[in-house]
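Worksheet for the structure shown next.
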Amino acid sequence: MAEPVLVPGLELCLSIGVLSTVILVRLAVSLHPYSGEGQPPMYGDYEAQRHWMEITYNLPIHEWYENTTDNRLQYWGLDYPPLTAYHSWLCGAVASRINPSWVSLHLSRGFESYHHKLFMRYTVLAVDVLVYFTAAVVFSRLVYRNKDAMWERISLLGLLLLTPALIIIDHGHFQYNCASLGLTFWAIIAVTTDHNVTGSVLFALALNYKQMELYHAVPFFCYLLGKSVAGSGSGGEFLKRVGLLGVAVGGTFVACWFPFLGSWDQTLQVVHRLFPFARGLYEDKVANVWCSLSVLVKLRRLFSLSTLVKVTAVSTVTALVPSSWNLYETPPLSDSSWPWLTPPSSSSCSRTKSTRSRFSWHSSPAPSSPLTTLTSSPGSSYWQSSPCTLSSPRTDWFWHAAP
Amino acid sequence: MSLSQTTITSTVVFAVATCLKLLLIPSYHSTDFEVHRNWLALTHSLPPSEWYYEETSKWTLDYPPFFAWFEWVLSWLAAVADPNIVKIDNLDYGAPSCVLFQRISVIMSDLVLLYAVIQYCKWKKFDGDLQSFVISALVLLNTGLLLVDHIHFQYNGFLYGILLLSIVKMLQQKHVQAAGLFALLLNLKHIYIYVAPAFFVYLLKHHCFSSTTSGSTRRFLHVKFIELAAVVVCIFTLSFGPFIYYGQLSQVLSRLFPFKRGLCHAYWAPNFWTLYSALDILLATIGFSPGEGGSMTSGIVGEMKLQVLPSIPPVLTLILTATATMPSLMKLWKKHNTCGLDFLHCLILCGYASFMFGWHVHEKAIMMVTMPMCLLAMEDGRLWRIFTILSTAAHISLFPLLFNTAEKLIKVFLFVPYIMMALTSSTLLKGNHLLQWELKSLDVVYTAGCVLVQIYCLFIHGVGGYLSYLEFLPLLFTSVTCALGVTWTWFLTITLYLAT
């Protein structure tokens, strides 16, 4: 059979087909119950998000993270960084325009309705499309720049957007991981195309959306540090580069945290909300080392909280060293043909290693980043991105061996 | 390429379709859901002699006997799943077990459709994976099927499976099997009588008359005719026999062919009568003196009475349908060297004619044209173009069936991938030069028009109360735009057929 002739409209039609299919899958998953549906008194993550819209829309900003009469922190108190809070405020503003009873202070607790569910689901979809989809499209075109690589582009796009974990957690269980993951995705695109400052700002924004992105922080740091070292002729130039990045990141943090920098107590309170060590070694069930070990050895009973915090910190850092060192050593972009392959894979490597040894996480972490689907072998990449995956070191060799 | 490869491809497509259907289980289902639950209950709880008399629920049995037996078989499985399903008095029972059972029964019955597609692919002997993939996707992931069967709720999947299977048998020249399967189908859902003339003419010509070398006359083969007639009569006897024995034939027929008021169903099917009624409304709005009473300005959904143009008696629709079908049937009868594909083409045209001029046609009946067209489209680039335009019009016309908010975006995103697949497939199959076609500007204009109308109907009308008192307006716009597409493709199909 003759080879099909590639026509300009063909890739557009196929891309539209793929994008609309992945949206369809999300819409279909959205039909199903969300976390805590119909389960008073606490409900679940969906109610948590709705409650944050209620709190942020109705209360002044300095009360968002404080335990007050209007804001009882035991009932789904805010425990994500400020960017999530601002996003909740925006959604709350839209919600109150449509139907004020969705976010009325105190009265809307446990509110559930057909249209409210649709509204909430559509907020997730909107973020997904605006942030995550756009990153995926740009990324697939970046990886396969060759005009003839149409099928590879289409396949990668489909693979990136069909990761079951992200769909199930964001559009089923109900969360906004697509926001922070999407921002990280854009950050990766930026730093691997030499837009280091933009990338740093984007990643800082991702961090300020969900503190879980700390999993990816060390790889970013090491990669940018390595690039700055390699790309600088002199010590002065190095300091300038690093300084610029520092200012960018610092500035982003200040901008996001600005309303909470009024007093030291206020800032600390937010930090306490973000890192609740008191919750313990792990919550519910999670596919990591501590939870698995605890089946045989009851770690929580044998050791004190402070000991466990120190142990997990040391083990996480130790596990991160190999890939971080490798990132630092990575040659600059101008040299290798697929240089962008290494940092994300190490980032995913660090991410999975961090999951294994990180202190205190429960079962709804960010899905094993779809960033791991950077491969010419869709099979292994899909295996990698299955929920709570633990990537084997052997697969990491595959990344580095890729042409 | 081994035959089993096509089986694998089709099965994989079916598996993907099944996953999607499973995800759609919690979606909106119409009163047809309760209709079928009621039939499960009455076939399970009552003896056959009472099936066509049972009236506890308003959704009385109005399908032929074989479908009732099909429900009877299912009812035993339902009783195991949840005995409450099969209680007649349990009206509007909608427990999760009931929804799950009924939805899964529809999904499982689609296996018949898979079988038909595999048989078709085997007969075609495709030399590439892509062709069998395309055919499988167009049929098994058909938007209409997903919208009507797996959301709205009906059992069209396995019925179209039997229709496609009988078409395949005809293509394989296994006439008796084809006739038997079609007779079986008629006794499952009598709406397939729309395409019966094509079967009749083709079987008469090819099975009952000897094949000729040019010049010599054809002989009528009595034995073959009797063989064919016997099979068909046998099947009908099996179906209606018990009810004739009970003396209930007239009751059964009255259920199957109820007297229905109204030229158009509450939601207008995109056929000729929609255009006729729309013209009537236009003339009435412009200010022509209204005829009989009944107003459009109330805007509510309901039976529409014509105001300016003359009203249409049911017998006229029959005459027009027959007239519209005649040219294609004559061509089928007269043409030398007709083959199975001519039969398929004529079958589609019969479906078209009945859809265009039939009395009280449901919009779902357009699938009787689109499903067989999936098989024919690959034969010729011009047919592919027709298929793409028809798919656009037909599937958009099904949108009003799903009127809840959650399904608004779902139906759009069920439709878009399908059309993209239709658009791209012919380019991808360019190994066959017959399939090359280009979008003409008229096609683009029409599609753009449909899209704009739907943007209005789905996202502007009624939002914030905008024009919400004119309930019927979006339905009118949808039906008229789709009717234009259906009529246009009908003309294209018929001219293509008559010109060969």
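Keep in mind that glycine also has a Cβ here, set from the backbone N, Cα and C atoms.
What TrEMBL lists as transmembrane segment is B:12-29 (among others).
Packing against the transmembrane segment (B:98-118) from elsewhere in the chain are residues 6-7, 10-11, 14, 17-18, 21-22, 25-26, 29, 33, 36-37, 74, 77-78, 81-82, 84-85, 135-136, 139-140, 145, 149-150, 153-155, 157-158, 160-162, 164-165, 168: each is 6 or more residues past its ends and has a CB under 8 Å from a CB in it. Under the heading transmembrane segment, TrEMBL lists B:98-118 (among others).
The transmembrane segment annotation in TrEMBL covers B:130-148 (among others).
TrEMBL lists B:155-172 (among others) with the feature transmembrane segment.
If you look up TrEMBL, you'll see B:178-204 (among others) marked as transmembrane segment. Listed by sequence, the residues of this chain that lie at least six past the ends of the transmembrane segment (B:178-204) yet keep a Cβ under 8 A from its Cβ atoms are 63-67, 70, 159, 162-163, 165-167, 169-170, 228, 231-232, 235-236, 238-240, 256-257, 325, 328-329, 332-333, 338, 343, 346-347, 349-351, 354-355, 358, 365, 368.
The transmembrane segment annotation in TrEMBL covers B:225-246 (among others).
Among the features that TrEMBL reports, transmembrane segment is placed at B:308-330 (among others).
Long-range Cβ contacts of the transmembrane segment (B:342-362) within its own chain (Cβ-Cβ under 8 Å, at least 6 residues beyond either end) map to 167, 170-171, 194-199, 201-202, 260, 262-265, 269, 271-273, 314, 317-318, 320-321, 324-325, 328-329, 331-332, 335, 368-369, 372-373, 375-376, 486-487, 490, 493-494, 497. For B:342-362 (among others), the entry in TrEMBL reads transmembrane segment.
Among the features that TrEMBL reports, transmembrane segment is placed at B:383-403 (among others).
Counting same-chain residues at least six beyond the ends of the transmembrane segment (B:409-429), those with a Cβ under 8 angstroms from any Cβ of the stretch are 24, 27, 130-131, 134, 137-138, 141-143, 146-147, 151, 378, 381, 384, 387-388, 391-392, 395-396, 398-399, 402, 435-437, 439, 454, 458. Annotated transmembrane segment per TrEMBL: B:409-429 (among others), in sequence order.
Under the heading transmembrane segment, TrEMBL lists B:441-463 (among others).
Residues or ranges marked as transmembrane segment in TrEMBL: B:475-499 (among others). With a cut-off of 8 Å between Cβ atoms, the residues of this chain six or more beyond the transmembrane segment (B:475-499) that come close are 267-272, 274-275, 278, 281, 301, 327-328, 331, 345-346, 348-349, 352, 355-356, 363, 366, 369, 380, 382-383, 385-386, 389-390, 392-394, 396-397, 399-400, 446, 449-450, 453-454, 456-457.
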Legend entry - Considering the transmembrane segment (B:441-463), which listed stretch of B:12-29, B:155-172, B:225-246, B:308-330, B:383-403 counts the most C-beta pairs under 8 Å: B:383-403
Inset, instruction - Count, for each of B:12-29, B:225-246, B:308-330, the Cβ pairs lying under 8 Å from the transmembrane segment (B:130-148), and report the range with the highest count. - result: B:12-29
Legend entry - Same-chain residues near the transmembrane segment (B:12-29), Cβ under 8 Å, at least 6 residues beyond its ends: 99-100, 103, 106-107, 110-111, 114, 133, 136-137, 140-141, 146, 150-153, 402, 404, 406-407, 410
